Amino acid sequence: MFIPVTNICRNRCGYCGFRREPGQPGARLMKPAEVISILKNGVRAGCTEVLFTFGEYAEEMPGYNLMLDEIGYSSTLDYLLFLCETAIETGILPHTNAGVMTRSELEALKPLNASMGLMLESTASLEAHKDCPGKIPERRLETIREAGKLQIPYTSGLLIGIGESREDRIESLEAITSLHREYGHIQEVIIQNFAPKPGTPMESFPEPTVEEMMDAVVLARHVLPSDVSVQVAPNLIDPKALIGKGVTDLGGISPLTIDWINPEAEWPDVRDLQKKLGDIPLRERLPVYPQYVKRGWYSERIGSLIERLSDNEGYRKQPAIENAEDLEK
């Protein structure tokens, strides 16, 4: 499940249609009851993971703290900790992506998350990120580094087609590789294609071609260590041709919630996706990859839930296809 807790954000990315400021139409901070309702429906639908996303450091935006006060919290971190606890109690494993974070914030969240993530996007200084204090590459790399020091299973990724060069992509992949070789915590790297959004500064910017995406996937598979998966989003690009180039993971597919970052792109049905892939088998995993399940890279707080949901290989006990069929019974 994809739960966008708030879309209020200090960054002003040139391609983002998700961000709002307090007082703007569509600006929101989800109330606890809203989140709890989605979590309960998720359990009934057979979900195992909730992705909590946030605009980055919304507290820096005037008016946001009043919204927090209205739901009884003094900080976004305190609210997020409550939501993670609630998800675990409901039977869902949290995965948090809230932008750049300090070591102390990561330490607080580690026991309550199966994994966490932050898109590097690019090591290049880009026009798309000119008004984005959280998109300074060194700051993002530092967050990823601190997660490694804390042994948090981690997701990162590149955003393809936002003004970076092929050499920038290689440099970005090498930066992620360097951190993984030092700490061993990168589960997967997402190779995500830019998709223009109406009303944004980059609404007329060209999308990357399929050939560009193929090349980016090939680069990722060549540069990244073999134990790091390469992922693409099947709601943004047809994955079949990319699997032959090195893609090994298709990310999360929600039966309940939309992709709030790319709301125009519907999730594929799991069974339709399997038909499209033909003899390429799908196997469902948890938000923590099998190798990290086997290593015990999780806290006591979520240990019993991971053990209940995982098989002896570290994957999910019941395949996704069976779950989809069960929902119709």
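Just so it is clear, glycine is given a Cβ too, placed from its N, Cα and C backbone atoms.
Noted in Swiss-Prot for the protein shown:
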- Cys9, Cys13, Cys16: [4Fe-4S] cluster binding site (BINDING)
- 1-235: domain 'Radical SAM core' (DOMAIN)
At a 10 Å cut-off from the C-beta of Cys16 ([4Fe-4S] cluster binding site), count the other C-beta atoms across all protein chains.
18
What does DSSP assign Cys16 ([4Fe-4S] cluster binding site), in three states?
coil
Long-range Cβ environment of Cys9 ([4Fe-4S] cluster binding site), under 8 Å and at least 6 residues apart:
Cys16, Phe18, Arg19, Arg20, Phe54, Gly55, Glu56, Tyr57, Ala58, Met61, Gly99
Excluding near sequence neighbours, so keeping only residues 6 or more apart in the same chain, what lies with its CB under 8 A of Cys13 ([4Fe-4S] cluster binding site)?
Arg19, Ala128, His129, Cys132, Lys135
Excluding Cys9, Cys13, Cys16 themselves, which residues in that chain have a Cβ inside 8 Å of the centre of the Cβ atoms defining the [4Fe-4S] cluster site?
Asn11, Arg12, Tyr15, Phe18, Arg19, Gly55, Cys132
